[in-house]
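Annotated features in TrEMBL:
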TRANSMEM  84-102  transmembrane segment
REGION    123-145  region 'Disordered'
COMPBIAS  132-141  compositional bias 'Acidic residues'
TRANSMEM  150-172  transmembrane segment
TRANSMEM  179-200  transmembrane segment
TRANSMEM  212-231  transmembrane segment
Amino acid sequence: MASAGDHQTLGNNNMYNNSHVEIPVYNNNNNNNVEAMKTDDEEVVDYSQRAQWLRAAVLGANDGLVSVASLMMGVGSVRKDIKAMLLAGFAGLVAGACSMAIGEFVSVYTQYDIEKSQIRRRRQQRRRIGQNDDDDEEEENDKLPNPAQAAVASALAFSVGAVAPLLAAAFINDHKVRLGVVATVASFALMFFGAVGAVLGRTPVVKSCARVLIGGWLAMAITFGLTKLIGSAGLQI
């Protein structure tokens, strides 16, 4: 037979058991994963939109710098007067900027037509199966390349790159010093443009600078050497 003390002990135990409270613990790992996925998606979108003008700008700057510097080096190998070098460089700037703008516009507009046709075909397919998502179509249209933007960026970048060797040669009278200064300024400008393109595109800076610099050196050396060879062969200029 249970005593009164035993009944009191059992009652206390039941009270403790019934008063058990579970505290929910929320896991923030899922939320962190969702936020990380959103951040990754935003970065991808930013890079895809940035690529339209980044490619045209970097390509135009490098082309302007290498083309005009090589042209001036080639003319300087057979003509010592500063006027001939500057006129050749200025003509190269104008012709190159126009050529880059027109070529970039035609190229990007062709890409625009192709992607626009693909969007139209996908829209027709969705309508056949009863789907009509205007948000997806608007997003696809926003990602289309802009030919005018690419053309303007390419022409301006070409002009900026071409100005560097022109300014370097404009105030130097000595022929040999002028050639050396043009080559030096072009080399530093090539490294600068390579670094800018690498930083904006999130690629290795050293490899980008080395690749651009070596390419520019080859272009200037080949142009200088071949023009010097033709000039020394007796061609009257």
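Heads up, the Cβ atoms here are built off N, Cα and C, so glycines get one too.
In TrEMBL, annotation is done automatically, which means it is predicted and not curated.
Tertiary proximity for the transmembrane segment (212-231) is limited to same-chain residues at least six positions away from its ends with a CB under 8 Å from its CB atoms, namely 62, 65-67, 69-71, 73-78, 183, 186-187, 190-191, 193-194, 197, 237. Long-range neighbours of the transmembrane segment (84-102) within the same chain, counting only residues 6 or more positions beyond its ends whose Cβ lies under 8 Å from a Cβ of the stretch, are 60, 63-64, 67-68, 71-72, 74-76, 151-152, 154-155, 158-159, 162-163, 165-166, 169-170, 178.
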